[in-house]
Every structure is written in C-alpha cells, then in structure tokens.
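Annotation comment: TrEMBL describes B:4-120 as domain 'Response regulatory'. Look at TrEMBL and you will find B:ASP53 tagged as 4-aspartylphosphate.
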Amino acid sequence: MKTIFGVEASFKQLFAPFALAAAGGAGTIVAGWGAWGWYTVLWAALLLAGAAWCAFGPPVGGQVPGGDSMIVRYLHGRDAFGAAVLPVWSRHMENSRTQMEDAVADLATRFSSIVDKLDRALHVSSLEGNQGGQSMTAVFSHSASQLASVVASMKSAMQSKQAMLAQIRDLERFTRELRDMAEGVASIAAQTNLLALNAAIEAARAGPAGAGFAVVAQEVRHLSSRSAETGRNISQRVGQISSAILAASQAAEASSDAEDQSMQSAEGMIDSVLADFRTMTDALVQSSDLLKQESIAIQGEVGEALVQLQFQDRVSQVMSHVRENLALMPTVLEENRRHFEATGELLAPDPAPLLDALKSTYAMAEEHAVHGGSRHVAPKAADADEITFF
Amino acid sequence: MAKTILVVDDSASLRQVVGIALKGAGYDVIEGRDGADALTKCTGQKIHLVVCDVNMPNMDGITFVKEFKKLASYRFTPVIMLTTESQESKKEEGKAAGAKAWVVKPFKPEVLLGAVAKLVLP
C-alpha cells in the first residue's frame, strides 16, 4: 500500500489510470481530427472510464495483494463489532436470566410462606385438630351433659325438700290430735270434779259416818283440779308447738317456692346459654369447614402456581443456550476473516457450525421443535403416568 | 421423625418449588446447588431419597449419581432424576448411573410426591 497526497492507494489504482490515459492520448494523436475524430473522442472516453474504474473500482480477482484491501479492513471491523457487541448482548441476557431466576426464587419463597401460614392458621382454627384432641362440638356436648346433670341434681334436691315439707305438714296434723287429746283430759277433769263434789255432798248428808268419804271426795276434787291444770298446760304447749310447726312449714314452703322459681330461672338461663353456645359453635364449625375448603382450594392454586413457576427454569435454560451460542460468534467471524486472508476467497459466514453447536446444547423437546421451525411450543406438566421408573 | 430428602438443582427457584412440595408433605429437605456441592452434603447422615437435576454446572446429575452411589452410606438410597431432558438416551444414562425414576419438568407436585412416596426408604 502506498500513500499519495495522504491517500492510501494500490498499484492498480496508482498506475493503471496513467497508462490508459497515455494510450488515449496516443490514439488521438495518431488518428488526428477528421473523419475519425469522433471515434477517437469515443475511444478516449472509454479509456478514461477504464482508468477511473481501475482507480476506484473493486479489486479484480480473488487475490488481494498484501491483505491491505478495504475488504480486509471491513473484516477486521466486523470482528471488532462482534467482539464489542456480542459480549454486551450476552451480559444483558445473563443479567436478565439471573434477575428472572432471583425473582422467581423469591416468589417461590413467598408462596412457601403463604402455604406455611395457611397451614398454621388452619391448624389453629381446626375444631377437630386442636391441642386437647376435643372438638368444639364435643366440648359443647360435654358441657350440655354436665349442666343437665346439675339441673337434675337440683330437681332431686327440690323433690327431697317437698317430701320434708309433707312430713312437717303431718307433724301439724299430729299436734292437732294432741290438742284434741288435751282437751279430752280437761273434759274428764271437769266431770271428775263434778263427781267429787256430788260425793262430798252425799258424805255431808251421811254425817259422821261419811267423814272419811268426805276426805276421799276432797282428794278426788284436788286430783281433778290438777288434771285440769295439766290438760290446760298440755293444750297450751301443743298450741305453741303447732304454731312453731306451722311457722316452720310456711317458711319451708315459701323457701321451696323461691327455690323452685330460682331453679326454673336457672334452667331457663342454662338453656339460653347452651342455645347461644350452640349457635356460636355451629357458626364456628361452618367457618372452620369453609376455611378448610378454601384452604384446599388455595393449596390447589398454589400447586398450579408451582407448576407455572417451573417454566422460568426452562426459559432460563434456553437463554443460557442462546447466550453460549452468541459467545461463539466472534470466533466464527474471526475464522471467516482468517480464511479470506489466507486464501483470498470471500465467503459468507457458515451458520451450520453455530447451529450445530446450539443444537448440541438442547435439553428440551421444545428447543428441538423451535429449532425445526415451530414458533410456539407450550409443554404441559408431566402426569403421573409419564414418570419412568427403572 | 421426618424423612430427609436431598434436592440437587442449579436453579434456586426449582429448589424452592421442589422444597415447597416436599416440606408440605412432611419431609425434611437439604439442598445442593450442583453435583459437587451436593456431594459435600453427603457426610454420612441419613438421606432417605435424592431428587436430582441432570444439566448442572461443576458436576452434572449423572456424574453426581455415579459418585453418590460409590459412597457406602448411600449405596441403596434411591435417586429420582428431575430434569427437562426427555431423550431416551439420557434416561438410559440415568438408569445406568443408578437412578430409580425419571420425571420430566415441569412436574405437578402430586406427581413428584407420588414417585417419592413409592421410592423413599423406610
């Protein structure tokens, strides 16, 4: 390569135009102006065009002397272009792939956390699986049974009290009989007194012979008086006892009525509380059932999401394979240039080695399908019958 | 006591996904980022099953299974290959290395759990 006026030019570019111009000048001189003048001008124009082509046209033949041609510059530039651009593309792809993987891993972690929390919430709220091993329904039944036995005990106590009240009423009847008997004693005493008085009269009429009999009559009157007094005392005591028994009976009856009302009120309240409790437990059971159903549905959704998340792995693999293939491109371009420099033969880069290398990295059927021309291949998750057991 | 499963995959997200499925079913999970990393986790503790990817850096899954099976403690530990590879030739390589099952990604969690339940050591 030589430099003329600061411009690099090849041998052909430097000397061929001058040679052709000289040939044109010589032809013009030889032919002169005349009948052949226009042919001479035409000849000169053709020679000048040839000179211009030599100066500025593409090199002739496959050989480029000294490898200094524009093509070589282009090929070097193309290598530099590949070396500059392709690593950037690769880094962007790898960065995107890494970001996607990190994001999906984070997403999977969050899903995992959601599933854990859901399990814990379900465990805590589960009526069948709580720590005591007792369900809310069982607790309710147990409570209702215990409260029913309490009410039954209270009713039994009330019945005992009613029996005692009946016995007190019997006592009152006995005291009435005692009072009648006391009155009978008083009546006998009055008749005895009357009889003794008659005897004393008859003894006085008998004179001295009836003096002893008068003493007996006096003693009988004295005894009847004491009997009457005793009868009155008995009647008075029995009256007092009867009044006490009546008062006790009335008090017991009033107490019994109050307790009966109290028990009925307690029973009503217990029934009301149990009804409220039943309503609450029914609502909780329904809520728990709903939670279980929702939990199962959510877990199903999460399972489906886990399947979808796996597609990141597939995309990541495809991107890695393409990135690795891109990294081979500078070498292919360099080899293409070296081939030109060695042989002078300018060949288009051969895609086959790159495509073969790319194909050799394929792991998935969809990669082969896409390589073969398919535009969109969406693999589905493997079913149980697609497992291969060895 | 929960059974322990070693999950080997170079994809962190896949390890997470497999971990969620296995932990949800009551298994303990230990992880390996690739074959070489997983071998460092095999220090004699009880491992009831291995779930292993095939294409990984440093040491691929087939090589890992071969090395794993050389360890006396794990000679009878079953291995499930979990991979995007579906070529029969690859499956044959896995079988020759000592794997017991081959599951292609993407997988349904219940499908993987079915295979795990069938093969996991008592």
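Heads up, the Cβ atoms here are built off N, Cα and C, so glycines get one too.
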| query | What average pLDDT does the predicted model assign to the domain 'Response regulatory' (B:4-120)? | reply | 93
| note | The number of other Cβ atoms within 10 Å of the Cβ of B:ASP53 (4-aspartylphosphate), counted over all protein chains shown, is 27
| field | Tally of DSSP helical, extended and coil residues in the domain 'Response regulatory' (B:4-120) | value | 54 helix, 24 strand, 39 coil
